Amino acid sequence: MRRAGAVAPGHPLAKGYLPVPRGAPAGQESAEPQNGPKAGCLALNGFPRDSPAAGVGALGGPQTPLAPEEETQARLLPTGPGEATPGAESTLLPRTALSARRFLVLLIFSLYSLVNAFQWIQYSIISNVFQGFYGVSLLHIDWLSMVYMLAYVPLIFPATWLLDTRGLRLTALLGSGLNCLGSWIKCGSVRQHLFWVTMLGQCLCSVAQVFILGLPSRIASVWFGPKEVSTACATAVLGNQLGTAIGFLLPPVLVPNTQNDTNILACNISTMFYGTSAVATLLFILTIIAFKEKPQYPPSQAQAVLRDSPPEEYSYKKSIRNLFKNIPFVLLLISYGIMTGAFYSVSTLLNQIILTYYEGEEVNAGRIGLTLVVAGMVGSILCGLWLDYTKTYKQTTLIVYILSFIGMVIFTVTLDVGYIIIVFVTGGVLGFFMTGYLPLGFEFAVEITYPESEGTSSGLLNAAAQIFGILFTLAQGKLTSDYSPRAGNIFLCVWMFIGIILTALIKSDLRRHNINMGITDADIKAVPVDSPTDQESKDVMLSKQSESAI
């Protein structure tokens, strides 16, 4: 293997790397080892390459990581990528920068994710109204929600393959476009005998969801820097949560229970459907215009490593196998599925749970759902900020899981006290922790599975959530109808306790964070490599002395 830092004469510089004169002050050179795929991408801490201290500086000397702002200034030198400085030998620095467009991309995604989540819950929160309008059973109405979970499971693998091989923009266009199409089909279903049409439109929206749920961590990693990536992921998840919150709030207001006059009811349903379609269409147009694949320069060292890897080396099947061989990820997969599946089940059946104890309170049932999700949105943002500040992924995930379990127990035992205001409070506590857990799972998965694709790990987490969501909704719905809502909630509490145990067993190995900090004790490759020659040219090793110095 070629010594890190050595560049053969005439060897072309890697794309995205800048030469820095060897006589430049140490502060102008990267103090972080750059684990890029090209040999010679390890900076030598300001020492001339041919000086005896260079090897010491690279392997065992003191290294002080620069702040992201200093890194950006150092890497955005006027010298173009691959352009040598005349008369001076040079080392290679990865060129990273933050793009202002990242906020627009995040906003567009969050908004069309919002509309998709709104359409998921808009039937269930007024299930009794749609049951009377279409003349079908409550189970039929529940399936309008559960179809989102059912569609995700078989389609997640082609969707993540598409994301990994065809990119972020195409996946975003499919998600936004199918969401728009499904909403327009539902506009033609406002007749009492056309339940199958509304189911068809909902099925298309559920397919759109497959191309939406796996994107938050991918967008955060591709567009945002190391100190904002968790907050960005939480904000992307926030859009979906906000859509669920609006789905709890607006349908009971827009479509009140006027089953004695089906004409008025049909008019109200049409207003809701056409309004949703107009917003979905606008967001699809914005996605076409403004949603880009990736920024010009990578925002972090971890992305710099992945970006320079030839796409032909990527093996989707091998990536899937690697994930399922990763025991910490498998434990997270199950525990995340339990928590999120429980949230999906409670959201789907909330109307039935509340009306069992408080008849005629459809509007308040929606408001309780709104309280649950809005509190969760606050929890999501706070958890994202906390992760960016502390990087304590496992500890935070475990604590939030335990508090979600406690919140579920309190929500269960206070349902029948006769004061609906108490249900508002306990629902808010439950939502704060249960919904706040969602971005934690995404980001923890990305950390322990790096350098595997964020879309693949997130997609598998969501697939587990959908599977548990279907099973929990069917089981809890059966227990609720045959016994009581309390029996269904106790069922969920038992499973959440199992999830706590599994979370406690997860080994915390923050691979992405270590790369961003310039710390690694193993070969880091952006993708699986089969060729010995390729492996030799792309492995970058850092000794134990370097770890202790950092």
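In case you wondered, yes, glycine gets a Cβ from its N, Cα and C as well.
Predicted automatically and left uncurated, TrEMBL annotations should be read as such.
Annotation comment: TrEMBL describes 105-511 as domain 'Major facilitator superfamily (MFS) profile'. According to TrEMBL, the region 'Disordered' annotation covers 1-43, 530-550. Feature annotation from TrEMBL assigns transmembrane segment to 103-123, 143-163, 194-215, 272-291, 327-346, 366-386, 398-415, 421-446, 458-475, 487-506.
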Proximity of the transmembrane segment (458-475) to the transmembrane segment (366-386), 3+ C-beta pairs under 8 angstroms: no
Other parts of the chain folded back onto the transmembrane segment (327-346), taken as Cβ under 8 Å at six or more residues beyond its ends: 149, 353, 372, 401, 404, 408, 430, 434-435, 437-438, 441, 444-445, 448-449, 457, 460-462, 464-473, 476, 489, 492, 495-496, 498-500, 502-503, 505-509
The transmembrane segment (487-506) in contact with the transmembrane segment (194-215), cutoff 8 A, at least 3 CB pairs, sep 6+: no
Within-chain partners of the transmembrane segment (103-123) [C-beta distance under 8 Å, separation at least 6 from its ends]: 130, 141, 144-145, 148, 172, 175-176, 179, 182-183, 186, 202, 205-206, 208-209, 212, 215-216, 219, 223, 232, 235-236, 238-244, 246-248, 250-251, 272, 276, 279-280, 283-284, 286-287, 290-292, 347-348, 369
Tertiary contacts of the transmembrane segment (398-415), as residues 6+ beyond its ends and Cβ separation under 8 Å: 335, 339, 342, 353, 357, 379, 383, 422-423, 426-427, 429-430, 432-434, 436-437, 440, 485-486, 489-490, 492-493, 496-497, 499-500, 503-504
Predicted model, mean pLDDT over the domain 'Major facilitator superfamily (MFS) profile' (105-511): 86
